[in-house]
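Annotated transmembrane segment per TrEMBL: 133-152, 183-204, 216-236, 248-267, 274-296, 308-327, 339-360, in sequence order. Annotated domain 'Peptidase S54 rhomboid' per TrEMBL: 179-328, in sequence order. Look at TrEMBL and you will find SER247 tagged as active site, nucleophile. Per TrEMBL, active site is recorded for HIS312.
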Amino acid sequence: MDRSSLLQLIQEQQLDPENTGFIGADTFTGLVHSHELPLDPAKLDMLVALAQSNEQGQVCYQELVDLISSKRSSSFKRAIANGQRALPRDGLLDEPGLGVYKRFVRYVAYEILPREVDRHWYFYRHRSCPPPVFMASVTLAQIIVFLCYGARLNKWVLQTYHPEYMKSPLVYHPGHRARAWRFLTYMFMHVGLEQLGFNALLQLMIGVPLEMVHGLLRISLLYLAGVLAGSLTVSITDMRAPVVGGSGGVYALCSAHLANVVMNWAGMRCPYKLLRMVLALVCMSSEVGRAVWLRFSPPLPASGPQPSFMAHLAGAVVGVSMGLTILRSYEERLRDQCGWWVVLLAYGTFLLFAIFWNVFAYDLLGAHIPPPP
């Protein structure tokens, strides 16, 4: 139902004859049932919650329009807090007769979302089209690039030690800082099969469910922000080192999800969450430790510095700041939240500082960077 047809129906039924801007929830619910309007059960639940948050049991007309058009504002969060007792107590786990795909959607809802009302909302309004193409496409592209370079170099582990590897136009190298695309395209290159396998697994296990729930735009923004922050952080803190791998984006996604789980611990219904949290932290820490070892104690003779580990840490910072703001704002407008603008301002300030650093600091400090391959 679009905005114009909803307005026409309200005018025809004279639901707001005095033009007060409010509509009785019971009256509108009866209208929905009598006209058999295609309103999702989750939206009806939210309508009741909105009415429960109002002393007169009414819903603001604008909130009703936002509800129909699937746009949620901060008023929905207040309604959930004030009208929680009006929401159904039965969980999605009790839904009978679900197909394989709907069971997977239910699984994603319980893995990602901390509140039952949000899980209902997502479950009933989820559509399989468009699919979560961003994380799948990035992972597929990384695998294809790795296979191409593996076949070309005849090397599948520790590829960065091959003299031809750093000549790739995708790798970030401090000697090629003027080629700005390298600050992003390095995410398609990987040290070896072990790093690619770790990143691809996390992108599919965490990135795909996050994209299903929060959408392509938000998750792609978070992932690419982590990737860009990773290379820029390396250019500031580890000026002689190159960067390869999508770890900046992966750690942005993982740290955002883990932080969201911790902050909503009581509401998360995913099984074995404590054990899985510990395993995730151990695996992520081990990957950082491996990157530090390769950076400072290379096991093979190398013609130059090995890739830096600072991209991992930068991605984690982006995840805890920008990512947590995104994940805590499910189906709510980011532009209406002060915290979102604070995060954007901080990230924009970092970008400007990093750009000036790359333009001027290397010459002013006399940094001795390895010659570009």
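Note: Cβ is positioned from N, Cα and C throughout, glycine not excepted.
Within the same chain, the residues at least 6 positions away from the residue listed as 'active site, nucleophile' whose Cβ sits under 8 Å from its Cβ are GLN195, ASN199, GLY230, GLU287, ALA291, ALA311, HIS312, GLY315, listed in sequence order. The local packing around the residue listed as 'active site', expressed as other Cβ atoms within 10 Å of its Cβ over all shown chains, amounts to 23. At the 8 Å Cβ cutoff, the transmembrane segment (216-236) and the transmembrane segment (274-296) share fewer than 3 close pairs (sequence separation 6 or more) and do not count as touching.
Across the range of the domain 'Peptidase S54 rhomboid' (179-328), the DSSP-based residue counts are 110 helix, 1 strand, 39 coil. Residues 112, 210, 214, 218, 221-222, 225-227, 229-234, 237-238, 241-243, 245, 247-257, 259-260, 263, 284, 287-288, 291-292, 295, 334, 337, 339-340, 343-344, 346-347 of the same chain, all 6+ positions outside the transmembrane segment (308-327), place their C-beta atoms under 8 angstroms from a C-beta of that stretch. Beyond its flanks by at least six residues, the transmembrane segment (339-360) meets 177, 225, 228-229, 232-233, 235-236, 318, 321-322, 325, 329 of its own chain at Cβ-Cβ distances under 8 Å.
Using a Cβ-Cβ cut-off under 8 Å and counting only residues 6 or more beyond its ends in the same chain, the transmembrane segment (274-296) has close neighbours at 158, 191, 194-195, 198, 238, 241, 247, 251, 254, 258, 261-262, 305-309, 312-313.
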